[in-house]
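According to Swiss-Prot, the protein has these features:
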type	residues	note
BINDING	CYS95, HIS98, CYS166	Zn(2+) binding site
Amino acid sequence: MHNIKVGTKNPFLSGRKRPPFEEVEAAIRTFLLWIGENPNREGLLDTPGRVAKAYRDLFTGYDESVEEILGTVFEEVSGYNEPVIMKDLSFYSHCEHHMIPIVGKAHIAYFPDEKIVGLSKIARVVNVFSRRLQTQEAMTAQIANALETHLKPRGVAVLIEAEHMCMTMRGVQKQGAKTITTSFHGSYEKDQVAQAHFMMIVRRSS
């Protein structure tokens, strides 16, 4: 599931056509029947179409390319020699096991070498990977790898904290439990002081 290369759109669809919208609506009607509902009652008549449109919006990450987002960089850092840190980047995703929401925040730092990127691009990278079926571990690694590949910084740090509705709504039903994952590259992997500085800023109250 996670063999999508950094910077590419979904290779699974290469040369393939997506099923038509009507087939998706029909599948959702079948699902409504399967759970014991009547898709012909007034409140559900338009639900299959609404659900299909909603999921089209929720999974836009399959249609976006990190390479395009990070393709424009600035090569003049004007003497800046410190990390760029963005915290509290809210996101939603869906777990690939149950297709149930994951809701959380991403905290990201990179140590520029010769390239910097607009701050909104970092947020868009998070959106690309979060708006796919995911595991939190894979998403953390994908964001870090994308920044390392395209910005070629001295170091990258990514920390994601999220609540998984598959643990909240079903199974063990532990409301409020959060999962934390990290990925450190370059100077952030080798330098414990830099890593500790990143963690301190992430944990500092706004």
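Here, residue 1 is simply the first one shown, and the rest follow in order.
From the backbone N, Cα and C atoms, a Cβ is placed for every residue, glycine too.
This view paints the features noted in Swiss-Prot onto the structure.
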residue : record              : Cβ within 10 Å
CYS95   : Zn(2+) binding site : 18
HIS98   : Zn(2+) binding site : 14
CYS166  : Zn(2+) binding site : 16
Requested in this report: Provide the three-state secondary structure of CYS95 (Zn(2+) binding site) computed with DSSP.
Outcome: strand
**Report entry** Remaining residues near the recorded Zn(2+) site, that is with C-beta within 8 Å of the centroid of the site residues CYS95, HIS98, CYS166
**Finding:** HIS94, GLU96, HIS97, MET99, ILE100, ILE102, HIS164, MET165, ARG170
**Report entry** CYS166 (Zn(2+) binding site) - helix vs strand vs coil (DSSP)
**Finding:** helix
